[in-house]
Amino acid sequence: MRQTDNICMQTLRYKVEVAGKSLPVLTNQDKGRYGVIVFENLDKYLNMDNWNRQLLDKYCRDYSVGIIGFVSPSEETLVGAQLRGFPLYVHTNLRLRDASLNPGSPVLRLTRAGDTAWGPLPGNDWAIFQHNHSGYEPLEWAQKNVMDYPTDGVAQPPLATVLQDHGQLDGIQRILFGSGLKFWLHRLLFLDSLSYLSHGQLSLNLERRILIDIDDIFVGEKGTRLKPDDVHALIATQNRIGEMVPGFRFNLGFSGKYFHHGTHEENLGDDMLLRNVAQFNWFSHMWNHQQPHLYENVTQLMNDMMLNKDFAKEHGIPTDSGYSVSPHHSGVYPAHELLYTAWKKVWNIKVTSTEEYPHLRPARLRRGFIHRNIMVLPRQTCGLFTHTICIDSYPGGRDKLDESIRGGELFQTIVYNPINIFMTHMSNYGNDRLALYTFESVIKFLRCWTNLKLTSVPPLQLGELYFKLHPEERDPIWGNPADDPRHAKIWAGNKRRTTLPKLLGLGPQKTGSTAFYTFLSMHPAVASNLPNSDTFEEIQFFNGNNYYRGLDWYLNFFPLQPNDTDDKFMFEKSATYFDGELVPKRAHALLPKAQLVTILISPAKRAYSWYQHIKAHGDPIANNYSFYQVITASEAEPKALRDLRNRCLNPGKYAQHLERWLACYPPQQLYIIDGEQLKTNPVTVMNDLQRFLKLPPFDYSRHLRFDNKKGFYCQVVSDNRNKCLGKSKGRQYPPMDDRSAKMLQKYYRIHNQALVKLLKKLGSRPIPQWLKEDLSVTS
């Protein structure tokens, strides 16, 4: 059982299962796990063994779950073959044309029974259904292709290509498709089938917002710009679209430097646009249309913006839209911090858009994010670019464009996205006015075949609505621009010459992570990040507010090494990374090939050490509550006490946190250090680690020595002198009280058992002695 296409993956939850000898688990605590069952190959359902079929059918009846099935292509041609167990007959491998829908079908919701989809249908392996039972109702019909099946002029009855089973025979509703999702109409019917069979639980909202940006106003070369007649056509088309899409206006982005840089007639077109300023929405590009990261400093950037703003004021162009688009998408993502600063100061920008986040293609994976309080929305492409000036220059010509409009990529883009911001250029609206034809045509086609409610609002309202619909996208995910050739080109040159870490030390806190940092930094082939003025050796980028400072901020800790050390193995350590819920996903986006090192000690000992650590630093909660009071605090206790309890207990759920990291990184990139061994035998531990990291050999036995006064290993400076960690390291605390020890032994038992299973699954490290001891203690 599996879905045959990922058209719904952004909006509807689904799970893919391979139809095998056994069924997946269908229920969870007496609740059904699936709202609809989809078979990409109907034969897999029809030919299930009796036991599984009975179980599945019972589940569908008990939980009112419907089934969708697709007749798959087959070399064998069937003529009037009965579907196993049903009073249905199927003919296969047909070529069909002229599809139409049953306007009375209760399944139709998003889909509207419009005109007939004239012409040959894609493929030569269609199946049609015949029945003689009132429990079946056609949802879609088609005709035989008369070029292949001559009819001698005799009218032919419609052939059922999609059939609804109302469940009268066995209490299970089904919808059967005689072909897959290559036919655009089937994509709509599939969405409606999911909605209908799930009783509305798997439904898309029918409201769609559309904004059409026209970039590069005044920028185009001579011969490509708007003339007065083009401006009249722009306004006339806008008015017609406005009758179909309430609130619609074209959104014009301008660069004032190039005003009146066309032919005489094109300059008249510029004047015509300005005489009709009030007809459109407006937004700012840069004055000279230059990429923002090419300016030397923020002052130059702001000066350029001010020139455009002065031009706008001089010519009556509104300056309060709060929206701007950067030329060539430069600086929005990957984020150029000076652009965000200048936008705020000069234009008070609150929303922008780009195709680049996280990558240009595929469009369905584009997302939004918020950075420095500026909302960044995903921009959609419509197939029109600066070079597609006329229909003759459109790749594939008119037929290809019409295919995109009539059920193809442009049509589907609007169907699946509740908010659509389309990028176009001024050159698409002159000459043969390709963009006007494109958008008016696709909107008419949407109105013909769907019940979508199309409206338009200004960008600021779109941004607010977008993040209400997608609150999970508010936080950015920074990737490495060097991993994407297009991003690398629009990324400032000096930023590309940074050395990102090849290793992350994850922590957790109070397990020896500072000692690990110190020992690894001693290796001559290794370099760490520059210190953070707030947190010393730790950057703490991926797990807190520092992440919102942006990629520039992080990269500044990893300057390009001198020529003789370009190949340094760079690393960073932040002990709070280990249990940060968002950290693995963020780290993998930027550092997918990084090695990960974590250090584990007894979680009970770690919890107690953390309590004593912050108590020694004067924490008022730790000084006013005993350790036992902290770790047993209830949810009714003050928040500060509950927060301390969580910081003591949660990091010690090792298996839970490691599983989160392993969901993003492969096991071979994770190295686990026994923290007790790091303390008592660091030479062996570090030698093993450098072999794992494939570093040049470094003799740690000559550089680490046990310091009797401190009670732990320190760096050797000379025969008589060691360099040890500070006073806060290696403190001797009073023993943990028995009551706390028993409570923690019981609390962590299930987590320690899970850790043993995980370590055995990984198979790379022995079970630490402290873990065996923690599990052997009886309460």
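Glycine residues also receive a Cβ, built from the backbone N, Cα and C atoms like all the rest.
Keep in mind that this is a model prediction, so the values were computed, not measured.
As recorded in TrEMBL, the features of this protein are as follows:
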DOMAIN    10-197  domain 'Heparan sulfate-N-deacetylase N-terminal'
DOMAIN    207-411  domain 'Heparan sulphate-N-deacetylase deacetylase'
DOMAIN    503-753  domain 'Sulfotransferase'
ACT_SITE  LYS510  active site, for sulfotransferase activity
BINDING   SER609, TYR713, LYS729, GLY730, ARG731, GLN732, TYR733  3'-phosphoadenylyl sulfate binding site
DISULFID  CYS714-CYS724  disulfide bond
Review point. Counting other Cβ atoms within 10 Å of each Cβ, which of the disulfide-bonded residues CYS714, CYS724 scores lowest?
Key: CYS724
Exercise for review: Sorry to bug you, but what's the C-alpha spacing from TYR733 (3'-phosphoadenylyl sulfate binding site) to CYS714 (disulfide bond), rounded to the closest Å?
Suggested key: 20
Review point. Same-chain residues six or more away whose CB lies under 8 A from the CB of SER609 (3'-phosphoadenylyl sulfate binding site)?
Key: LYS510, TYR733
Practice item. Please work out which residue of TYR713, TYR733 has the most C-beta neighbours within 10 angstroms of its C-beta, and give that one of the binding-site residues. Key: TYR713
Practice item. Give the sequence-ordered list of residues that share a chain with GLN732 (3'-phosphoadenylyl sulfate binding site), lie 6 or more positions from it, and have CB atoms under 8 Å from its CB. Key: GLY711
Exercise for review: Between CYS724 (disulfide bond) and TYR713 (3'-phosphoadenylyl sulfate binding site), find the distance joining the two CA atoms and give it rounded to the nearest Å.
Suggested key: 8
Exercise for review: Would you mind checking how many other C-beta atoms are within 10 angstroms of the C-beta on LYS510 (active site, for sulfotransferase activity)?
Suggested key: 24
